[in-house]
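What follows is a short report on a single structure.
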Amino acid sequence: MSLDLISSSSSSSSSSSPIMSPLLQTPEESTAPSRSGRKLARTTMGLERDKKRLGDVEDRRGDTLVDEIGIVTTAPAPNGVDLVQESVSLIEYVARLGDFRSTQRQECYSLVRRMKSLLPLFDEIRFLGSAIPPNGIASLSKLKKVFCLAKKLLKTCNEGSKIYLALESEAMMVKFHAVHEKLCQALDELPFDEIEVSVEVREQVELMVTQLRRGKRRKDTQDMELAVDLMAVSSKTDERNADIAIIERLAKKLDLNTVENLKKETIAISNVAKERGQTSECIEQIVEILNKFKQVFGMEVIDVFEEPVKPKLLLKSGSLVIPHEFLCPITLEVMRDPVIIASGQTFERESIQKWFDSNHRTCPKTRERLGHLSLAPNHALKNLITQWRETNNYKSPNTEGLASPQGSSVKQEEISSLVEELSSCQLKVQRRAAKDIRMLSKENPESRILFAENGAIPALVQLLMYPDSKIQEHAVTALLNLSINDSNKKLIANEQAIPTIIDVLRNGRMESRENSAAALFSLSMLDENKVTIALSDGIPALVELLEQGTVRGKKDAVTALFNLCLNQANKARAIDAGIVPPLQLLLKDKKLNMVDEALSMFLLLVTHPQGRYEIGQLSFIGTLVDIIKKGTPKNKECAASVLLELSSNNSSHILAALQFGVYEHLVDISETGTNRAQRKARGLLQVMKTSDQLP
């Protein structure tokens, strides 16, 4: 995808309400008689001692992973009451963690929900009429250890580096799987009969264990899209690693599309680096991705390990403490020209204006949609800040150079002049103007809006039809850069640009064709444009580039086709256009390093009946089995997914795979593969069993 792209892209936060349980009563209340009248009293002093011990246990780094699934904890508590109280406290703790990182959010909420569902069990154990037997104590101790492991995992997913958690998503899934297994084992070992738990509670626990063991993970398509973006951005050889559209989409997926969140991420990465070492390959990769996100937002890229643990402006300087109300929520800097927006929140004028200019219509702080975009000066706050500055002799850091990533801004006069030159009668002037717009829209996010407002899009679309190859190249690349802005996507489509871009894709020079494919990918982010591109015969043109293009062209084509085929009707169109043979060639040509992209495409197509018919040929089954045998862990995972989809609809496919010798490799993957690969391999083995095809 074009290297001309280099720039711009809310995070939401939610919180869980604390759970209230009878176990969290006052010491006086907790001495109430049990069912048989026996008291299991604990004094206030005892509770405080236990609470302090629990706090020490929670804060120590000893309660952590020894390896991927092992844990170290303190010695078991001396009695069941202590264990129950500490277990409930751990549940209460994780329930208050609030929001989790997007890449593990579903797993986190599911685990917290499972832990919360155990509160009735602990309530009944707490009010037992007899002493808890030794095997019950051992089981409760084991259960508390699992909760400690769960707390550590959930805390990491709550405050850890978002980039790290995305890159290590498979390893994190292994850890969640370990917690699930250990939780099930601990609950299975509970002596329900001996500790007199009611039938109702026991059935609830057993149902929860059953659901946990067969619980489904995240949707495959979401995982693949995130993986493809991460693979492109973190690659050192893939030319898409600087593609602004991919960088922006990835930043949005990871909730790293605000300055404030990027500053928090910097701190989180610094903490990860302290644990893993600054020179590890993983940390270097994370820092590179972080710096790309920062460049998009025009933030200064500095050594993450030299940045302070807290933003500089929030630190005390002698006796000076900056009032929180004086800081702009976007930049975290002292405001010079505070203004109030429709939500009632106050921001620095320049910062909020940039937010609005980037086509945002929500409040950056509250996320509510705004009724209008008017800015009202906050004179009272401005006077307070001015007085505070004078009293404390405070000087703001130099904020020059924030206008754009390169520290320069584009003047309105320059914008208007360039747009006017696009309609010049001199070819040379038109060519230069198109090139300048291409470069400015690459470097400056604000210019994309200004060029569109000044009529650049219709003029650029007209230039696409010129026979001059250089004008075509500059015009289509300028439209690509302008399309990064979502509003511009609609404007470009409304100008009937898509058929013309497709014509350049068919007949232009190779670089123009590549950038046309990239432009179609960017435009296809809007669902209505997916249909327009397909109806304009864009899919056959992309398939042609997939067959004939350079490595970069093939990657642009397959990325655009993947996005288009998220539309079910477009899957049939891609198959009719002959997409299957070139995809099979991508699987066989290892030098192209596009096996993952091809398999991801096949996994989309195989969900369509026509796709299953075209793909499920004997030679293709052999290729899939070969990848399952010799591919990378990710290759094996995708190949097993495709084979499972094929075999679930036609048992002859699993028979063919068995003839190619897939069985022993599926058994191996079901035990040692990635978490998702294990599930797919077990699914295939189950298909074999139900269709009587097991050897």
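Placed from the backbone N, Cα and C atoms, the Cβ positions cover glycine too.
Any TrEMBL annotation is an automated prediction that lacks curation.
As recorded in TrEMBL, the features of this protein are as follows:
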| type | residues | note |
| --- | --- | --- |
| COMPBIAS | 7-17 | compositional bias 'Low complexity' |
| COMPBIAS | 23-34 | compositional bias 'Polar residues' |
| DOMAIN | 321-395 | domain 'U-box' |
| REGION | 1-53 | region 'Disordered' |
| REPEAT | 455-497 | repeat 'ARM' |
| REPEAT | 537-579 | repeat 'ARM' |
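For the repeat 'ARM' (455-497), the residues of the chain that approach it from at least six positions outside its boundaries are 2, 4-5, 7-8, 244-245, 248, 358-359, 418-419, 422-423, 427, 430-431, 434-435, 437-438, 441-442, 445, 448-449, 503-504, 508-509, 511-512, 515-516, 518-519, 522-523, 525-526, 528-529, 532, judged by C-beta separation under 8 angstroms.
The DSSP breakdown of the repeat 'ARM' (537-579), given as helix, strand and coil counts, is 34 helix, 0 strand, 9 coil.
With a cut-off of 8 Å between Cβ atoms, the residues of this chain six or more beyond the repeat 'ARM' (537-579) that come close are 1, 221, 228, 238-240, 498, 502, 505-506, 510, 513-515, 517-518, 520-521, 524-525, 527, 530-531, 586, 592, 594, 597-598, 600-601, 604-605, 607-608, 610-611, 614. The average pLDDT for the repeat 'ARM' (455-497) in the predicted structure is 90.
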